[in-house]
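Okay, so here's the structure we're looking at.
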Amino acid sequence: MSKALETEPTKRRVFAIISHPDAGKTTLTENMLLASGAIHQAGKVAARGEARRTQSDWMKIEQERGISVSSSVMTFEHQGLTFNLLDTPGHEDFSEDTYRTLTAADCAVMVLDVAKGIEPQTLKLFEVCRLRDIPIITFINKLDREGVDPFDLITEIEEKLALDVVPMQWPAASGRRFRGVVDLRTNQFLTFAKPDSGDEHTWTPMDGNAIGAAFDDDALWEEFSEEAELAREYPDFNEQSFREGHMTPVYFGSALRKFGVLELINALAEFAPMPQSERAKKAGQDVEIAPTDKEVSGFVFKVQANMDLNHRDRIAFYRMVSGEFKRGMKLKTADGKGLSVHNPVMFFAQDRELAETAYAGDVIGIPNHGVLRVGESLSESGKIRFAGIPNFAPEILRRARLEDPLKAKHLRKALESLAEEGVTQLFKPAMGADMIVGAVGSLQIDVMRERIKTEYGLGVQFEVPPYQTARWLACDDDATLKTFVDKNMVNMAEDIDGDPVFLAKSSWDIGYAQEKNPTIRFLTTKERR
Ligand code: G4P
């Protein structure tokens, strides 16, 4: 084994930030890049967060795809480690993109607003992390504003997320009274320098004169010392429990005031796991692919149409799982389609660079003409197939109706292409010629509608069909499944892989069908294999 193949994966950390909109994800991202020296000037990322706030701006960004392509992955270095931060779209509306991005992350930072605690989207994103038991580091943000009592926040996390919570730091008040945080392991206090004071946040030992200077308010000091003692009563941090996704360490800070951000990066450096082995099928056998395995392998977790609308170029975001990738290498999909990767792109905060070599934990962008779909496995032998990029049962279904019926073939191609890219899902009903598109969030439908119009020039009405939801079907006995499919032809459809899907008017209908057919599984997720 080459030395680099052994050591490089140990230096990679792949993580994502999950949060409810406005909790401060963009600000934190920017200040992480600043703190690590990856960018030198504020404003780059924030401008993006700002522009995203309205849907029309978001659509514009989506159309000028270059911008979001380069920001989907951000790489920075710190303490000799390479961090790949995967961007989960920060829109109020939920999309499958977010789910899929999380399947490529090894760790997540959960950002909470100290005044708001767990919000609806935090919960949704957390549930996705839980599907894979991704370890989570909690960052409670905006301590420079009045917040909820941290003990109550911890109880809320414990109760709503069923996680063991360990504060690694404890804050001295919040808002106007905020003085800083104590590191409960080292007993050092990080004093908060008031904005515009010209001071810097500095570390001070908890006892001695220096700390006295930070606390000109005796009552506050008393309150804080008591609370910090109580905070020590929480269980000790247990790395194994964290890695298994059962325990979350909690940090406090203010992204906007650059307070606690470096400490958070240090926590990631210390605790976020290096790339791990991934389960896969190799030539039909269950195997574990280790980062140090010689064969290059990985999977595509995101596909994005390229800037040039005249060419249907796409960039596939490929998360490496094993091997030593070299530019120009020939890789194959699990269906045997080969492609030579001559122009792989790596994403640094402000630039894109050609990737000469890459290892497990790296994310490279592979330009292609539609060969690579979301969920596709790509390896040297073409025999490795990773599980784990799920499709989610759509919560919104629409029937596509053409204004010009002669364009049916074009529409089918367009919808198939968008489904391959993962923009929306596509279902072809067993009866009738209409096609049904599905999405988890309504923004996906808007993006699709816009792209059908601008890229494909098709006039299409999207109508509400007589179904509301869909389930993938599975059964250990093929004959039972076939009988069910034949009997329920009016409700049956095929997805883009030809797998059977049951379209239902309501979840009550699904419950009823399930009760009548106990050996058939009605699945809300499907893992692409
Ligand atoms: P998001 O990506 O999670 O949606 O949040 P974003 O970073 O855009 O932050 C949302 C708002 O919260 C922004 O204010 C941002 O400045 C503010 N914010 C983020 N972190 C902190 C913090 O630690 N303390 C305080 N006080 N505010 C914070 P905005 O008014 O919506 O935008 P802007 O005009 O300040 O850019």
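Glycine is no exception: its Cβ is also placed from the backbone N, Cα and C atoms.
All TrEMBL annotations are machine predictions without curation.
Model, not experiment: these values are computed from the prediction.
What TrEMBL lists as GTP binding site is 19-26, 87-91, 141-144. Annotated domain 'Tr-type G' per TrEMBL: 10-277, in sequence order.
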PLDDT averaged over every residue in the domain 'Tr-type G' (10-277):
85
I'd like to verify something. Among the binding-site residues Lys25, Thr88, Leu143, which ones have a C-beta closer than 6 angstroms to some atom of ligand 1?
Lys25
Considering the binding-site residues Asp22, Thr88, which residue's Cβ sits among the greatest number of other Cβ atoms within 10 Å?
Thr88
All-chain count of other Cβ atoms within 10 Å of Ser19 (GTP binding site)
24
Find, for the listed binding-site residues Lys25, Leu143, the residue with the lowest Cβ contact count at a 10 Å cut-off, counting only other Cβ atoms.
Lys25
For Lys25 (GTP binding site), name the DSSP secondary structure in the helix/strand/coil scheme.
helix
Reading the DSSP string in three states, the entry for Ser19 (GTP binding site) is strand
